[in-house]
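Here the structure is laid out as structure tokens; the discussion comes afterwards.
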Amino acid sequence: MKFVLLFGVLLVTLFSYSSAEMFDDFDQADEDELLSLIEKEEARAKECTPRFYDCSHDRHSCCRSELFKDVCTCFYPEGGDNEVCTCQQPKHLKYMEKAAGKAKKFGGKIKKWFG
């Protein structure tokens, strides 16, 4: 009976040690993958198209504003047959950003009064 108990404890110890190493390997792989994704995102972020610039070459390349990403909007100018695409911020998102900015200011004042 003592032998079975000792053997069981040994098995549990070995199993926990091997699973801990396995989890460490997974954590390292996840960390490496996350770092590579962050590097790709930073490289892609440098190539964004500013607001009111031509985005016809890549319609998903518009830069972000404070809260939202600008949208590539295409239109035909008066008297022209060529389509023109520029990065623009939709009005409803512009108003939402203004409201969020005012709410942030108001929250700071309340914190100052009661904090």
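From the backbone N, Cα and C atoms, a Cβ is placed for every residue, glycine too.
Of all the Cβ atoms in the protein chains shown, 15 others lie within 10 Å of the Cβ of Cys63 (disulfide bond). The disulfide bond annotation in Swiss-Prot covers Cys48-Cys63 (among others).
Annotation comment: Swiss-Prot describes Cys55-Cys72 (among others) as disulfide bond. In this structure, Cys55 (disulfide bond) belongs to neither helix nor strand by DSSP; it is coil. Listed in sequence order, Thr49, Ser61, Cys62, Cys72, Cys85, Thr86, Cys87 are the same-chain residues six or more apart from Cys55 (disulfide bond) with CB atoms under 8 A from its CB.
The annotation disulfide bond is assigned in Swiss-Prot to Cys62-Cys87 (among others) on the grounds of similarity to another entry. Cys62 (disulfide bond) carries a strand DSSP state (E or B).
All protein chains considered, the CB of Cys85 (disulfide bond) has 18 other CB atoms within 10 Å. Feature annotation from Swiss-Prot assigns disulfide bond to Cys74-Cys85 (among others); the stated evidence is similarity to another entry.
Summarising the annotation, Swiss-Prot assigns signal peptide to 1-20.
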Alpha-carbon spacing, Cys63 (disulfide bond) to Cys74 (disulfide bond), which is rounded to whole Å:
16
Just name the most isolated of the disulfide-bonded residues Cys48, Cys87, going by other Cβ atoms within 10 Å of its Cβ.
Cys48
Do you know which of the disulfide-bonded residues Cys62, Cys72, Cys74 has the most other C-beta atoms within 10 angstroms of its C-beta?
Cys62
